[in-house]
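J.: Below, the features straight out of TrEMBL:
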type     : residues                                                : note
DOMAIN   : 21-163                                                  : domain 'Lactate/malate dehydrogenase N-terminal'
BINDING  : 26, 27, 28, 29, 30, 31, 32, 52, 112, 135, 136, 137, 244 : NAD(+) binding site
BINDING  : 99, 105, 137, 171                                       : substrate binding site
DOMAIN   : 165-330                                                 : domain 'Lactate/malate dehydrogenase C-terminal'
ACT_SITE : 195                                                     : active site, proton acceptor
Ligand code: NAD
Ligand code: LMR
């Protein structure tokens, strides 16, 4: 289902009117390039704007030869950032350094917080009404960073800010499909919380599939630490890029279709949310219905097994710390 949604030109006839400008910041990177390729194939986009501090003229020239009905522009360096962002409806941010083996996502904070803050400042200035899709890690902290920057510029709208956690649900359905020997495209796992280790909480009890205790423990661990699997296999050369590009393209496509008026589009995403507010957590991922203004309806967590309730208890302190770290980075600077 997802593969056909990304690659089939058949979806060109959906209800969305043409005309979106999408900007990718960090477009020359490991995620940025394949993500930009997939977005060049997306018929809902007619202007694709590629920004990075290196190599975007080449990436843009290359993609511009693909005969889909959209234009591609390359923008390199801070002096071209404003032009890259101007009139963008959607801004996707994969800019930032990836992990090496032995690192946590939080270890990326010192480098990536500053990168995301700078890009958010430019977005607040040049495209204050754009929908911002944050891929750069640590997502649990970089999303609050963007929010605080937008608040400082008096342009914050929680309906337009998303942490992209799609890769967690993509992985969850893949791993469950492998375990149960079924087509993963037909499996939907509600993954809640954040995007790092124990803050990633797959609610396998909501799938309607029966699992043994051993299967639940093994699958939960693999979904929580799926990113580490790729980091280890890449052996110091980076983290997930190709699966992330697919996940990022899927989320962007879902949002564009919702902005264009298509109904009933639900994606899990890390947003400013009421669902864990009673536990002092301001940003949280659950299924979110997308609409013409971005976030339309944030779904509740739903029923959790005793095992999942323990996952939730373990995740809350880390999420709180991650969020506070992002908020403080902007406000105590
Ligand atoms: P990469 O190093 O291959 O690419 C990053 C790109 O960002 C580079 O091209 C670099 O030049 C660019 N960049 C650096 N500073 C910049 C700035 N100030 N402005 C614009 N561009 C800048 O890394 P990658 O593998 O593409 O990963 C990018 C980020 O995405 C990392 O932080 C990684 O942890 C994260 N990630 C998130 C998820 C997720 O599920 N949300 C999944 C995979 C990776
Ligand atoms: C992932 O989940 O693959 C990304 O967050 C990258 C990482 O550091 O694992």
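Cβ coordinates come from backbone N, Cα and C, glycine included.
Please treat TrEMBL annotations as automatic predictions, because they have not gone through curation.
Could you tell me the structural context for the features on the list?
T.: The Cβ neighbour count for residue 26 (NAD(+) binding site), using a 10 Å radius over every protein chain in view, is 26.
Shown in sequence order, 99, 137, 138, 139, 140, 195, 196, 197, 227 are the residues of the chain, 6+ apart in sequence, with a C-beta less than 8 angstroms from the C-beta of residue 105 (substrate binding site).
When other Cβ atoms within 10 Å of the Cβ of residue 195 (active site, proton acceptor) are tallied across all protein chains shown, the result is 27.
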J.: What are the non-local neighbours of residue 171 (substrate binding site), defined as same-chain residues 6+ apart in sequence with CB under 8 A from its CB?
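T.: Spatial neighbours, sequence-distant, of residue 171 (substrate binding site): 222, 223, 226, 243.
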J.: Using DSSP, tally how many residues of the domain 'Lactate/malate dehydrogenase N-terminal' (21-163) sit in helix, strand and coil.
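T.: Taking the domain 'Lactate/malate dehydrogenase N-terminal' (21-163) as a whole: 64 helix, 30 strand, 49 coil.
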J.: Looking at the binding-site residues 112, 137, which sits with the largest number of other Cβ atoms within 10 Å of its Cβ?
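T.: The largest 10 Å Cβ neighbour count belongs to 137.
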J.: Do any of the binding-site residues 28, 30, 112, 136 touch ligand 2, in the sense that the CB is under 6 Å from one of its atoms?
T.: none
J.: Suppose you look only at the domain 'Lactate/malate dehydrogenase N-terminal' (21-163); what would the mean pLDDT be?
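T.: Looking only at the domain 'Lactate/malate dehydrogenase N-terminal' (21-163), pLDDT averages out to 98.
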